[in-house]
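In what follows, a structure is listed as structure tokens, so that the remarks can point back to it.
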Amino acid sequence: MFLNRKYVPVLVTLGLLAAMFAAGSLRYTGFFSMQVLYNLLIDNSFLLITAVGMTFVILSGGIDLSVGSVIALTTMVCASLVEQNGWPPAVVIPMVLAMGSLFGALMGAIIHYFRIQPFIVTLAGMFLARGLCYVISIDTITIADPFYTRVAQTKISLPGGFVSINVLIALVVVLLAVYLAHYTRFGRKVYAIGGSEHSSLLMGLPVARTKILVYTLSGFCSSLAGVVFTFYMLSGYGLHAMGLELDTIAAVVIGGTLLTGGVGFIAGTFLGVLIQGVIQTIISFEGTLSSWWTKIVIGLLLFVFILFQRVLSERRISIKS
Amino acid sequence: MASRLVRHHLFWPLCVLAALLLFNLLYSPDFFSIVVRNGNLYGSLIDILNFGAPLMMVSIGMTLVIATGGIDLSVGSIVAISGAMACLTISKSSDQSSLPLVFGAVLASIALSLVLGLWNGALVAAARIQPIIATLILMVAGRGIAQLITSGQIITVSSDLYEYIGAGSLASLPFSIFLVAAVLIAASLLTRKTALGLFIESVGSNARASRLAGLRSNTVILSVYVFCGLCAGIAGLILSSNVSSADGNNAGLWYELDAILAVVIGGTSLSGGRFYLMGTVIGALIIQTLTTTIYMIGVPPEITLVVKAFVVLAVCLIQSESFRKSIAFRWAKRKYPAEQEAARHVS
């Protein structure tokens, strides 16, 4: 055996991504260019940031349904404070990041101390954040602040094309997350709790602190994704990022992370997000395909991946025993 | 006696429902008035039953799925697919009110939802995929399929017969209530008067042990998902016939979440092993009453979600054993983690 078995799902995802990109390049002229690749990152930078936070939550054996709503709430708070109250972005952005983290920490505390399922608590969080958007305003608030427009329009040239500042933020987040997950104590604790919460507790690991931190991290990532989303859309709206929690979970699962917790990689999530991006790009290049095909294809891909993981993990068990 | 009453599984849900109704009574005294118009009953209470019918229907199916330790995220998509299928079949015909046509359309929808339920069940029981992911597949793809059926449009039908399912009246009550009652009675009888309920709870507690004890765990799991698909299919028919149209994009949106909420409020634990069908129905009624109340007291509908979030949290906290204990025994002596762990295993 040349490579460790645990890397197989990530490698399969990578292979699939390459195959889909190759298929797109063969079929459509103009598909094979660096700019198309960069656009994948530009259009999915907020999804990437959210998915990184979600990966930690899923690794710890939980789930966070509130991410899409927290993004919407962040865009709304940013837009309303900057545009309607004239606050400087330098104050608003750190404030919304703190707000998102606090939101996540609160949910984590409720989940841990009152032993209510993460599914239900984050569902309530999703309702709450989405509802708070409408308390601020029912309509779209456009952002015309010079700082925002400058960030949105800045193009960083790279060989063969350009990327936006959002992409840099997303890539930094991914790199930090890889470090956090694989090279720090916190990362190991997250994997341990995902493997077995009871064992971790008996080992003396700080389960309460780690679990709350994981949801705090996810809240932080969602609000950062919300800030990135305001750079991307230049507006705040209560319907922004509708259903994004599903896309995020799908990206994490396609990336090879098990929903039971304890198994998975940040790099896999990165590839999972890119695969979703490639599907959308192929559908837009095809032109005649309607948008609902995206959903059907993502559903099919989910199916294939889950089945594949199933077969793989079964083999691993049979080898062990 | 009092402690037995408090410990009854319907106590807290009924308290919440009573509190909501009491609030309505104080806020607008004519909330409980029911008038007879054209031989049909009208009033807020009837509205709650009528508009809550699809949710109750979906929640009944969801209860049994959750009782086996599973979850079904795809019900919202099945609601959309079933409505789309029926409306598509009816809209293609020239005589939209003919009995065989409507009957055929309804049968086609039900058959389709059974197949979708079977697909979920097969993934969970045969392929042994975690339920939350297995049904996530259909949740994502199903919305696309519903839009594929309706070609992204809203299909409207004008069929009196089809409209009867969701908007008609029988014995001066909305017909949809009778559909829910029939499914509820059938499910209660099947699970409480036969061994089936015991099988479901046993599989929910420990599927492997049940199989070793001679139970066909897989068959039980498969059948609850099929039943859940059926319930969602009927709910889709009620919903689409009530508005005489099918919208692949928005029909049944977030129904899975409301249904899971109804089940949890009703006292069924998401970890499986126990279920309370009546509790679920009361949970669904709480959600519908809450929505009606919010509209009635003139809160802008946009912030319905905020109120809903707080109610959900409050209901879950009240039901959480550790929350009640932490309120009741704040002064109790500090326990060390290992001690807590031991206490958890003993109790």
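Each position is counted from 1, following the chain as shown.
Cβ atoms are placed via backbone N, Cα and C, with glycine included.
Per TrEMBL, the feature transmembrane segment maps to B:9-28 (among others). Below 8 angstroms of C-beta separation, residues 44, 265-267, 276, 278-279, 282-283, 285-286, 289-290, 293, 296-297, 311, 315, 318-319 of the same chain, each at least six residues beyond the ends of the transmembrane segment (B:9-28), sit close to that stretch.
According to TrEMBL, the transmembrane segment annotation covers B:48-66 (among others).
Taking Cβ pairs closer than 8 Å, the transmembrane segment (B:97-119) reaches residues 74, 78, 81-83, 85-87, 89-90, 138, 142, 159-162, 165, 222, 225-230, 232-234, 236-237 in its own chain, all 6 or more past its ends. What TrEMBL lists as transmembrane segment is B:97-119 (among others).
Under the heading transmembrane segment, TrEMBL lists B:131-150 (among others).
Annotation comment: TrEMBL describes B:170-190 (among others) as transmembrane segment. Within the chain carrying the transmembrane segment (B:170-190), a Cβ under 8 angstroms from the stretch's Cβ atoms is held by residues 36, 39-41, 46, 49-50, 53-54, 56-57, 60, 64, 164, 196-197, 227, 231, 234, 238, 242, 277-278, 281, all 6 or more beyond its ends.
Here TrEMBL flags B:220-239 (among others) as transmembrane segment.
Here TrEMBL flags B:251-268 (among others) as transmembrane segment. Sequence-distant neighbours of the transmembrane segment (B:251-268) (same chain, 6+ residues past either end, Cβ-Cβ under 8 Å): 9-10, 12-13, 16, 54-56, 58-59, 62-63, 66-67, 71-80, 83-84, 139, 146, 232, 235-236, 239-240, 274-276, 278-284, 286-287, 312, 315-316, 319.
Remote same-chain partners of the transmembrane segment (B:275-297), defined as residues 6 or more beyond its termini with a Cβ less than 8 Å from a stretch Cβ, comprise 9-10, 13-14, 16-17, 20-21, 23-24, 27-28, 31, 44, 47-49, 51-52, 55-56, 59-60, 62-64, 66-67, 184, 187-188, 191, 197, 200-201, 204, 258-259, 261-268, 304, 307-308, 311, 315. Annotation comment: TrEMBL describes B:275-297 (among others) as transmembrane segment.
Beyond the ends of the transmembrane segment (B:303-320), by six or more residues, the same chain brings 12-13, 16, 261, 264-265, 267, 286-287, 290-291, 294-295 to within a C-beta distance below 8 angstroms of the stretch. Per TrEMBL, the feature transmembrane segment maps to B:303-320 (among others).
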